[in-house]
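J.: If you scroll down you'll find the structure; I have some questions about it.
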Amino acid sequence: MADAIEIEEMMLEDRDIAVVLEVPTRRRRSRERDYRDRRDDSYDDRARRRREDSTDSWSRSRGDENRGQTPRSDSGAKVHDAPKASAPAAQTEEQKKAERLAKLEAWKKKMAEDKERKEKELAAGGTRKLLDDIDQKANGSSSQPSPNTPTTPSTSAISGDLAPTNYAGKFDPKAIAKKAVASSSSAHALGRDLPLKELSKTSATLTSTVKGLQADKKPTAFNSTSKVSALPKTRGNLSVFGLGAKVTDNEKTYQKRALDFDEDEGSRKKLEKLPTLPMANSKEDDAALANGIEGQDDDDDAELEAAGTEEEAAAAARAAAEKREERLQEAESQPHTNGDVHMEDAPQADSTAMDEDEEIDPLDAFMEEMGDPFSLPKSNTTFVKNNTKSQPQEPEALFGDDDVDLKALDADPDEILAIANKARKKKDIPTINYANLNLPPFRKNFYTEPAELVDMTEAEINDLRLELDGIKVAGKDVPKPVQKWSQCGLDVKSLDVIKKLGYDKPTSIQMQAIPAIMSGRDVIGVAKTGSGKTIAFLLPMFRHIRDQRPLKNSDGPIGLIMTPTRELATQIHKECKPFLKAMGLRAVCAYGGAIIKDQIADLKRGAEIIVCTPGRMIELLAANSGRVTNLQRVTYVVLDEADRMFDMGFEPQVMKVFNNIRPNRQTILFSATMPRIMDALAKKTLQSPVEIVVGGRSVVAPEITQIVEVREEKEKFHRLLELLGELYNADEDARTLIFVDRQEKADDLLKDLMRKGYPCMSIHGGKDQVDRDSTIDDFKAGVVPIMIATSVAARGLDVKQLKLVVNFDAPNHLEDYVHRAGRTGRAGNTGTAVTFITEEQEQYSVGIAKALEQSGQEVPERLNEMRKSYKDKVKSGAKKESSGFGGKGLERFDAEREATKARERKIHKLNGDDDEEEKEEKDDDVLLKAASVVQPASASTAPPKLLGVPKGIDLDGDIKVHRTETAASSSGSKNPLDKVTSAIDAINARLNKTGQLRSGVPIDNKGPDAGAFHATLEINDFPQKARWAVTNRTNVAKILEATGTSITTKGSFYPAGKEVQAGGDPKLYILVEGDTEVVVTNAMRELMRLLKEGTMAAADAEGRAPASGRYTVT
């Protein structure tokens, strides 16, 4: 402590009297600045080192009550005491000035040497080596032990001993800048081992030793804050306990410097924190102030600023790089003419930024090379572009809005329609060329003729077939009929299941069909309903499948059974289950209306048998480009109800499936009816078939009692109630199946029977498949004793205890009658089939009478008369006979659907284009020509062009607006009123005569509120959707508001086929009245547009779901 005081006293001798006298004032100002400085917060490393010196001196002199000023944070912290102590004699002014000039000259000489040496090192080793050397030098000078405190109070000794050390390290601007981070850089970046805390203490000791040589005589220098404002000021509160925090700050500062000059590319990204030019100037000013130099000339300033040349160049290069990046970004934001970005523009920015230098400095070149990675955080796009110069630039146009060529599609309706049709086109089944496939052979013939049949003669075989319900066979080498199950060539497992099911012996069709199928022949089997045709083709299929190798993961089924209805497919699948469990086989039932994903999952798990409908089979084959299943392994194909399968409704789909099956398959066709017209279609898929007919073609089983009654429509329901009452009085457990011709009729009859107390359910194609399945299950289980159905339940449905079948609506052909009646009297049981027929349905009498004759029952006299009357009309050409087959197929529905959608596209045009507006005007002109005059029923008109438009209505005619006729006045003149009266009488006469409207004049258009002009439009025979479109309140209100007319719906609705009685109301029509002909025409135009749209909507709905009814959501 004493040594420090002595040194301070020696330093005070160098000050003049004026400075000493100003100490009290400067103490107060110093305290105030010290208080401010402690509150301020900055982090300049050089100033912090000086603050360490100040703190050390402050702590040593704290016990002295006459302590000097607080060390100043800007210039290096001068410490002095206020009291005047004994000191050597004061030096003269000339000596002090000479000493200062000597110090300045020495400092300038050293700075020049350092500058020359740095330039040489820069040219030889580069910036990196120079910076490492500077750090090493600064660290080395700081880590040297400080000289001991002198004990002699000699001013000259102090000056002579300490001056070289002081000016060698303290007043070097680069050394001052590096000393603050020397310890951290040596510990981390440069690999030195000096502890941070010890280094701080050493630096503090060295600084406190040379305090007296740093003193500044000018008190005004402490007020300079413009250049030192960035330096840290929080120094007054720190003591020895604050050194740890100070070391942490030094470590943080070093981390920035280490990132600046490290060779790692990732660290270079943070080069923004390099020291800048103003900081270097601030250091130089601090050095000048510390030496008391005033009024330095420009040459001195230039020499002092030379130390910052390298950092200044680095900052300039970095600024140039940033400006170049900004120019590139601005250029990219500008719209380009061609969308290409030329990467050669980057060097031009370099040259522009560096125009001041004629030659490229090596340091600038080096920093320029390091500049590209620095620009990555600024713009990632530039970095990517620099690495992809050789690649084409087209992808950049995809992500920008500049110069994008947007070409509108051609709005040609034909092309758009073609594209839409192509997109809506269903996927076709992948075709398989079996000629190129090497498929393994399979075995067909499993039958060995039993010994009992070998010795039978031809006559004995014919007698046997005659006894078996008159079996008729056709074909070559037809096997002899068997008489028991053991002769069929079946395996033991099949025979065990047959025994458990209680089948004592085969039926007639089974006795002849099973040996023929087991022999590997293609078979056509026709037998009466309920004769066991399903078992006849199932048993040989099981034997056929078990003979082949097991399925692999990608294999499809081996046996394929197709049926026309979903209910029949479900029933066949149920009959397979007892055999499948015993033989370890798997079967899948696939039909429309059910969830397809479950069926696909079952097929992927593997199934030897698939029972399906043709439509769903095509969907499965086309699903997922044919990877769901395939028909390559199918060798056994069955078509149940083959007459319907080869009708025009199913034949295209069936043949599409057949074309994907191997040609040497075995094909079996079964049905209860097989018209002759179906033979040609059926036999083209068979090879040398065996035809088996049991009991005749299309014959009702003799066990069924057939009753045909000719009744009026209103009498049918009462007669039905009588039949149901008689049946359930005799047998409460009996079942009744009622057939109707339309879905709406089924639901109406259901409501009527429910009101009468009969529990019943209905089934038709308009219901969901889940409802249809549950209804049949409940009917079979006896939950409901009565079921109302359309012809979807006419084929294949097998229900025990079904005693009565009622044809509430007569079937339209013979085969349908046979299948309907065949739902009862199955498997040898008896049943009754009652058929109602009206006088208007004489065309159906021919098939019903023929069925009665073929089954050996008497034809009622009234039915026979109707048949003869219809045949006479056919001969005369008035009527055309129909067989019930040869429909138009499913392609008709697709064609109608496409035509309807095409018409809708023409009508519903979007506004906005002149061409479309012109087309709309043309459409309006066409609508103006639509007819409003109701023609008589007897008038001959051209066939309607739009599907659903009734005959007698011409929507392509002219709208005729009539002037309203007024009643004759009794006080008027006779001559003009006679004509009016006669016209009215003529009109009334015509209306009373025919009950129809004529010339567009309504029967009640005579009142005082009648408009001056009127027109009429008959809507009775249009579809329900069309009628609703022109009569609902919303549409009518819009027309009334737009035209100011009066629109009234008049007449009565008459169902199809019912004519207007004499004196009755006319058919349903719309009356439009208005004051002018123009408003009436406009209203009629709008009504006809709505009517036409409704008609097309009805036709489209019918095309989408041809078998649907009231349950279809459109």
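Even glycines carry a Cβ here, placed using N, Cα and C.
Swiss-Prot feature annotations, pasted as is:
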type	residues	note
REGION	20-168	region 'Disordered'
COMPBIAS	31-67	compositional bias 'Basic and acidic residues'
COMPBIAS	93-122	compositional bias 'Basic and acidic residues'
COMPBIAS	141-156	compositional bias 'Low complexity'
REGION	181-200	region 'Disordered'
COMPBIAS	190-200	compositional bias 'Basic and acidic residues'
COMPBIAS	257-273	compositional bias 'Basic and acidic residues'
REGION	257-356	region 'Disordered'
COMPBIAS	295-313	compositional bias 'Acidic residues'
COMPBIAS	320-330	compositional bias 'Basic and acidic residues'
MOTIF	483-511	motif 'Q motif'
DOMAIN	514-692	domain 'Helicase ATP-binding'
BINDING	A527, K528, T529, G530, S531, G532, K533, T534	ATP binding site
MOTIF	640-643	motif 'DEAD box'
DOMAIN	703-867	domain 'Helicase C-terminal'
COMPBIAS	869-882	compositional bias 'Basic and acidic residues'
REGION	869-924	region 'Disordered'
COMPBIAS	889-902	compositional bias 'Basic and acidic residues'
COMPBIAS	913-924	compositional bias 'Acidic residues'
J.: Can you count helix, strand and coil residues in the motif 'Q motif' (483-511) using DSSP?
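T.: Residue counts for the motif 'Q motif' (483-511) by secondary structure: 17 helix, 0 strand, 12 coil.
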J.: Relative to the Cβ position of K533 (ATP binding site), how many further Cβ atoms are located within 10 Å?
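T.: The Cβ of K533 (ATP binding site) has 25 Cβ neighbours within 10 Å.
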J.: Using other CB atoms within 10 angstroms as the count, which residue among the binding-site residues T529, S531, T534 scores least?
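T.: Taking T529, S531, T534 as the binding-site residues, the minimal 10 Å Cβ count falls on T534.
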J.: Around the ATP site (A527, K528, T529, G530, S531, G532, K533, T534), what further same-chain residues have their C-beta within 8 angstroms of the site's C-beta centre?
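T.: Those within range, site residues removed, are T507, I509, A672, R826.
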J.: Could you pull out which residues elsewhere in the chain have a CB under 8 Å from any CB of the motif 'Q motif' (483-511), counting only those six or more residues past its ends?
T.: 446-448, 450, 452-453, 464, 468-469, 471, 518, 525, 527, 531-533, 535-536, 539, 542-543, 546, 578-579, 582-583, 692, 694-695
J.: By DSSP, what is the split of the compositional bias 'Basic and acidic residues' (93-122) into helix, strand and coil residues?
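T.: When I sort the residues of the compositional bias 'Basic and acidic residues' (93-122) into the three classes, I find 30 helix, 0 strand, 0 coil.
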J.: Please list, for the motif 'DEAD box' (640-643), how many residues fall into helix, strand and coil according to DSSP.
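T.: Final tally across the stretch: 2 helix, 1 strand, 1 coil.
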J.: Specify the secondary structure state of K528 (ATP binding site) as given by DSSP, simplified to three classes.
T.: coil
J.: When the compositional bias 'Basic and acidic residues' (320-330) is classified with DSSP, how many of its residues are helical, how many are strand and how many are coil?
T.: 11 helix, 0 strand, 0 coil
J.: In sequence order, what residues of the same chain, 6+ apart, have a Cβ less than 8 Å from the Cβ of G530 (ATP binding site)?
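T.: Spatial neighbours, sequence-distant, of G530 (ATP binding site): A701, D798, G822, G825, R826, A827.
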J.: Taking the Cβ of G532 (ATP binding site) as the centre, how many other Cβ atoms fall within a 10 Å radius?
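T.: Within a 10 Å radius of the Cβ of G532 (ATP binding site) lie 17 other Cβ atoms.
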J.: State the three-class DSSP label for T534 (ATP binding site), counting H, G and I as helix, E and B as strand, and everything else as coil.
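T.: DSSP assigns T534 (ATP binding site) to helix.
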J.: I'd like the number of other C-beta atoms within 10 A of the C-beta of A527 (ATP binding site), please.
T.: 29
J.: If you draw a 10 Å sphere around the Cβ of K528 (ATP binding site), how many other Cβ atoms fall inside it, taking every protein chain shown into account?
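T.: Here the count is 27.
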